[in-house]
Each structure stands twice: as structure tokens, then as C-alpha cells.
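Read the structure below first, then the notes.
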Amino acid sequence: MKNLFNFFKTSSELRLAYRLLKQINQKRSFYGAMTDFDLANQTNIFKKRLANGEKLKDIRVDAFAVAREATKRILGKTPYDVQILGGLILDMGSVAEMKTGEGKTIASIPPVYLNALLGQGVIVSTVNEYLAERDAEDNGKVYNFLGLTVGINKTEMDANTKRMMYNADITYSVHSELGFDYLRDNMVFSAAEKVQRGLNFCLIDEVDSILIDEAKTPLIISGGKTNLPAQYLSANQFVNTLIAEDFYIDEETKGIKLNDKGIDKANAFFGLRNLYEIQNSEIVHRIQNALRANKVMKRDVEYIVQDGKIALVDQFTGRIMAGRSYSEGLQQALQAKEGLEIEPETKTLATITYQNFFRLFKKLSGMTGTAKTEEQEFIDVYNMRVNVIPTNKPMIRKDERDEIFATSHEKNQAIISEVERVHKRGQPILIGTSQVVDSETLSEMLNQKGLYHTVLNAKQNQLEAEIIAKAGRKNAITIATNMAGRGTDIILEPGVTELGGLYILGTDKAEARRIDNQLRGRSGRQGDVGISRFFISLQDQLFRRFTNFDQIFGAYGQTNGAIKGKYIHAVLLAAQKKIEGFNFDMRKTVLSYDDVIRQQRDLIYAQRDILLQIENFDHYIQKMIIRAVDIILNYDFIILPNQEIHYKNLINFLNDNLSRITHFNFGQIGIENYPIEQLNEFLIKQLETIYFKQIQSVLKENLGKTYFESERYIILSTLDSQWQNHIDTIDKLRSSANLVQYSQKNPYQIFTEEATKKFNILVAESAYQAIVSLFNNSNAEKIEYIKAILSDGTAISYPADSPQEIIDQIIASNEERIAAARKAKEEKQPEFIEKQLAKLKIEKVESGEEFELWKIGDSKLVNLKKEMPLDEKQNILVKMQQEQLEMMSEEEKNLIQEQNLEIVEIEEIEEEIQNENPQKVEFVDFKNDPDAYNKLIFGADYADKQLISSEEEDNNEKTNINNNEDLERTKGEAQQTAKNPNE
């Protein structure tokens, strides 16, 4: 009966997973008998099955069995049945709750492998880069064996490297970098610049930390700095004049605002009539930040000061959030409070919350040690169920009842006494704190007792994983924030089990039971023994904020030692549930506000993607002209209150804003003749004609086929600028939503209405500003060019309005290029001459001390002085070759002549000279120029060289004439052969 009851308690997903597990286990022997080659080749078989139309669920059992066998062979670890169960839940797009030490990393291998087979990319998101690198390296061995590629995405990588990492089959990355890459991808001006591909499947490690604890944290890319330190300093100075009676703090929400006394002081301090008039919203914003920084936020709790900078502390992990800062002026308010240099405030350029980013994935799943208490939120926000996976071995850790004391001092004394007691027998103890200041207080008390210990908090987090891993050694005392070292197993040193295992001592309750369970879960992994206990005081934040503190403290505040009785424990549990509900509501509120922005962001980003793909913007420009004209004709200085048109203002406006490039005079087209009902259509046609007939035609002339890239850049940059202004305005609108509380309206309703109005303005204003920029596109200016002739006879062109120093630089650089080419030609001349002689069957066969022996043709040899210049040798050798030709019979002469003609065909020589020296080659006319052959061999200035005697010139001229006659005959025969190929 008990088993039947447990069966019905089990979710439908987990019941399906059990059935699939049975089938996977049946495949174990089949795949276990395969060779490594055959096992790895299953990846190709699976891909073919998917290509033939099968779905992932059709190959799931086989793929899981293959991944299990590969893990066994490569890592030497056979995944337990519970790990396969966890993997199946992950593949179903749900959350798998697996206790600490149950092997979540191994459990992720089969579902990641299966989903990577689609070839659309799988992303594994982790909480820090250490875990990303560790898991990518370990699990990557299995994936590589199975023929899949693995990438690691890191913060410091350039765009090209990131693109390679995302193009891998499986990509490991920190969650924050995934979101920032998404935002950056939607700020590029070319589709090729994007680094991410489609958001297909994401498996989130420590999913509760990312999707619950950090859900309210927006990812923000900032820019456009403005530096107004006086405003922050004056607000800080004002807040320091206030006393407790001047403002109200809500302990539950940590909200703070001025009361009537505070408002009167603000009016007097800033010289205002009414602080909350709309024109004073910026002052209100600064005061609100200064109040929060000075009266609510605590140093070494929410932030620390490190190297003269404000560093944020993650309230759930205790880690420093490197590279992050508060937005909307809060960072500057903290700097003013701490007397630090006030950095310029930045403008939000792009932003998204983790909630909305991860909801972009087609398929999402996650694993963690504790999530069941937040299941309803996972269902409502992410449509993910939470399934608790049973442990591989029974859990035998003892979770002792909380010890509750009246004061913090009593609690700390009891903690030190307990540490001394446990340490005496050598049992390792891990003390979990939620705040840096608490860890430092306990550390000082332990030092006073002479107890050696290690502290891990936001100030010492460099060796986090290493420190946590050593916490299981004998006599070890480790103080750490509750979530430090998450994802790192604490291995018990031999002999520690006999001492009772790892002792977990919590120093206060977290805002979620889930966080407390995470701390407990550091002990008792894989059936190990262990113990956990929490020490609490009535002065802890949980009691102060979420109970009737005065009543509780009045009843128990004088108690010595631990407070007994069930009631106080019930109050503690109720307070924890209350804050869980409060935080859930806060996250829902953040999500509801962000959903308004999300819908607008989706529209803008979808529009950007279209603009990145198309190459003809005419249709868009026509639409934008219509919107621009509509805006122009709604300006109150053009359309007067009586609906009359101020034509002069209209003409001046058009000439000032739309005529800089074309110098078009709108006063000469008869605008005054058109009444208001016809003016709109008339202006649209005029602007279309001006743009497409004048501006775009010049754009095409100047930029060629890629003219549209200039249009794309203008349209995108205008859209981005307007969007960035919009989200900056919306951020301020959201932060000041409480200013409408006196209007008896729902702040969210007011926010939604105002955000929608402002978005409509954004769309219209983007179109108008884009048209103004397109009509003033400097690339569309007509440019007159001047031609200059260089020393080699080539010409270059430059804009007529170029400064003289620029012209001189252009000419000088080209002359340097020409000189370098000439030098290169001279250096290659010997090689060129030898090459040409070789083609004429003239080659050097022997070289002595004074003479060189050259061979001409197949028989003739001649000795030449070694010191003779190569061009003189060339002259003599070619001349002797010509003489040899004259002494041959007509038949031999024709044969060699044909061979030579094949070698010195004009097209071949011209092409070769061009390759050797990219200068202009003059055409050599063999038919009409008797010196053509020698010009070809010796160069175009042959006539100026006196290389042979006049008598020899006469003989050479005769030879050239004979050669030309032979050439004509050969050409004629070649042409005849071309006409009659059979002959």
C-alpha cells in the first residue's frame, strides 16, 4: 500500500522516466559489446535517423544508453540509475532536484548529448567560470569521443573566438555572459557580427540560484556617461542632516521615503516650493538614492569597499559580483556616502532580466540540490516542473533542531563553545554565514581562542573551490558564506567518517529554506555520515523584519541560554515562509514590469534582425517618409491652433533639415498652393522624388552596389539611439512609479500606459530621425575629382576639396610604390634574362674562374668572359643563335623557328612580364617592325643601345626580315590549320 501511495505521489514525468530507465538498462549489454569505433559511430547513425524525419524522443533510449557506455569507458564512471533518471527529467524540460554529491554533472551528459545531435547547439549554463571550465574539460572528453565539439565561452574573449565557441555542438558558459552576448548581438550592424546562433536548448546548473535568487537582477549594458558629482554630493549632504523622525523605513521591503517633516526639510534645503512637482523628479531621484545608500544599505553586507571602489556582494552566495555596479545613480550615491571618487553615471543602452532571457530558449531545463520549495514559481514563470530524484544511497546525515538565543552576543558565544567542543575530537566543521561582517566577527572570536581556521567571504574568494574542498579534513575549521563553493564536492579525509563526518553549523536563517538546505547538503553526500545545526538569535534580520519583533523580544528577550518550546520555532518557520512569499511576489512584480519592456524589446530586436538581412530599403524609406511628414505637419509652429498652415515656417524647417546635401529649395515648388488636406500627400511625393531620384542615385554612384549598407547603418543607428533613450526613460519611469500613489491609481497600470505611449513616440521619432539622417547622408554628396599623372605614366584621382597636405601624401605614397616596383624589377632582371635565354634553348653548361661555357641549341658552344655584364652576354648569345639559324637548311630553320615562336608567343611573353613586373607592356609588332624580336629580348629601348656594330646591324636586320617572313608563313599555316583541323 505504501509503494502504491508513493507511486501516485510521483509526478507523471518521473513515472515516464522510470519506464525509460528500464528500457535503457536493457540496452546496456548491446552497446557494452561494441568496439570504441562502433560506439562512437552511433552519433552518425542517430544524426541520419533525425535527418530522415525521426524525433529526439524516437532515439532517446538508444542515445542515453550510448552516452552511459561512453561515460563509463572515457571517465571510468558508470552513471547510476538515479543519474540516468535525472538526465531523463532534464531532457523533458524540467528541473531535476538532486542532492549534493549525487553527481549532477554526470547526470547532465546523456541529455546534453541527445539534444546536441540536432546540430542546433546546446548551452550548459553555470554559476562561475571555474565550473564551466571544469565541466567542459571533464564531460568534453565524452562528447569528443562521440564525435561532438565542445566550446567554453569566457568574458574576455573577442567576438571571433566567441562565435567559434557558440558554433560548437555544446557550449559551456557563465549565465551572465550568455545574457550579455545576447544584448550585444542586438547592437551589431551586420548579421555576420553576431556571436550566438539560435537559442535552442539550455541546461542550467544550480538553476534555483540563477532563475530564482538572481531573477530580479537585470543585465545592463551601459554607456553615454554623464558626470554631475555635485548633484550626488548635495543629495548626500542633505540626507546626512536628517534624523530618524524625518523618514520612514519598511523593514520587510527595505523601502524608504521621506515623511512630511523630511519633505519640508528638502524644500528648505533645495529652495523648492513643492518637492514632488514633476520638474523636480531628478532631485527626488537623487534624494531617494542617497536615502537608500545611507539609511538602508550596509557596508560589508550589500557591498564592500575594495581598492577605493564599491564592489557588490551577492546576497545569496556571498561572492563579489565582479564587473557589476548599481544602476540609475545608486552606485554614485554609495560613492558619495563612502567619500570615494564619484564616477560618471552611465546610460542604459540595453537590458534584460534573467527571467526573460532564459525564457527565449525553445527548450529549458535545470538541475540543483534544492528547488522543490519553489516549484510553483518554476511552473508559473518558466513552465518547468520540479522532480525530486531519489538518492543513490540512503541519507544518514542528522539534521539537529535549531538553537535559538535572545541576543546576537549569546548566539556567538554558543557558536564558539560548540566549535571548541567539536574541534577537540578532530571533527571538521563548516560554519556558514550570510554576511561578511558576521564571518569577520566569528573569525576574530576564534582567533582569541587560538583556534586556527580558514575564512572564505567576499573579501577572500580567489581560491573558493580549493578552500571548500579542504573543509572535509580532520581538525579543519572553515568559515564561509552559505553558498560559497557551490558545485564543489567536499571529500571526507580518511578517518573523518568515524568522527561523525562533516559538521555544518549555520549562524542564521536565510530568506529561503532552500538556501538553508543547500548549506545542510554540504554534509552527508553519497550516504556519508554528517550533522547539521543552526544557531539563531531573535536579533537576526529574519526576526526583525518578518515577525512582531517587539512582542517576541518582550516575551523571550531576557532568556538565558537557548530558548525552549515549539512556539518560537513555529514563529521562525512562519517568518521564513512569509519572506519566501514576499520575495516571490517581488519577482513577479519585476517580471510583470519587465514583460512590458520585453514585448517592446522583442519588436525592436525582430525589426533589427529584418534590417540586418535585407538589401533593399526602398519600401522602409517610403514608410518612414510618410511617418516623418505626419510628424512635421503636427508641429505647433507649422500647424497653428486655428488649423492654418504657417507656410514660411514649414519651408524654412524643410530647407534647414532636409536640404543640406541636395541644396533643394522647398520655397520654389509651390507649397503655398496646397491646403492642409492636400499638403500631406504633396510633401510625401516631393520627398520620395528628392530621395530616390537625387540622393540615392548619387549614393549609388559614390558607393556602388553596396550603397544600401550606408542606408542600413543610418536606419539601425537611429533606431538604436531612440531605443536606448526609451529604455533609459522607462527605467526612471519605473523607479518613480510610487509618485503616482496619491492619484488613487494602480502604479503598474500607470506604468503600462505611459510605457506604451512612449513606445509609440519612439517608433514615430525613429522614422523621422532616420529620414533627416538619410537626407543629410554625407555619402550622398557629389564629389569632384582631380586627376594627377605619376612618374610611370599612370593616373590617380583625388577629391577636389582635399587639403594640399593630404594630396601630397597620396602622391608621395604612390611614387614610393612605383620606386619600389622599379627596384624589384632591377633585382629580378638577371633571373628574367636567364629565364628567357633558357626558353630560347641557350644555357650555361660550365663556369670556370675567368670564362663561362654557354650552349646554343643542341650543338654550338661558346666561351664568354665571366665578368661580362649579363645583358651583353645575352646580346651576343642571341645574335650567334640567329647566325646559326641562317646556316641551317630551310627545313631545319623552319622547325627551330616554329619551336622558338612557340616559346616567344607574344601573349605568353606579355603575361610573363606582367607577372614579373606589374607595369604596362607595349605590344611588339613582328609584322611591321624589323627590330621587334630584339626589342622583345633586349627591351623597348633597344634602338638607343649600341650593342653591336653597324655592319652587324645590317646582317641582323636581314635576319629579322627573314624571321618575320617565316613568322608570317607560320601564322598563316596556323590559321589555315585552325580552319581545317582534320588537315
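Glycine is no exception: its Cβ is also placed from the backbone N, Cα and C atoms.
Just one of Gln83, Gln120 is listed by Swiss-Prot for the same ATP site as Gly101, Glu102, Gly103, Lys104, Thr105, Asp489, and that one is Gln83.
Ranking the binding-site residues Gln83, Thr105 by C-beta neighbours within 10 Å puts Gln83 at the top. By a simple count of nearby Cβ atoms, those within 10 Å, the most crowded of the binding-site residues Glu102, Asp489 is Glu102. If you take the C-beta of Lys104 (ATP binding site) and look for same-chain residues 6 or more apart in sequence within under 8 angstroms, you find Gly86, Ala96, Met98, Asp205, Met367, Thr368, Gly369. Neighbours of the ATP site: apart from Gln83, Gly101, Glu102, Gly103, Lys104, Thr105, Asp489, residues of the same chain with C-beta atoms within 8 angstroms of the site's C-beta centroid are Met98, Thr100, Ile106, Ala107. There are 21 other Cβ atoms within 10 Å of the Cβ belonging to Gly101 (ATP binding site). For the ATP site listed in the record, the two most distant Cα atoms among Gln83, Gly101, Glu102, Gly103, Lys104, Thr105, Asp489 lie 16 Å apart.
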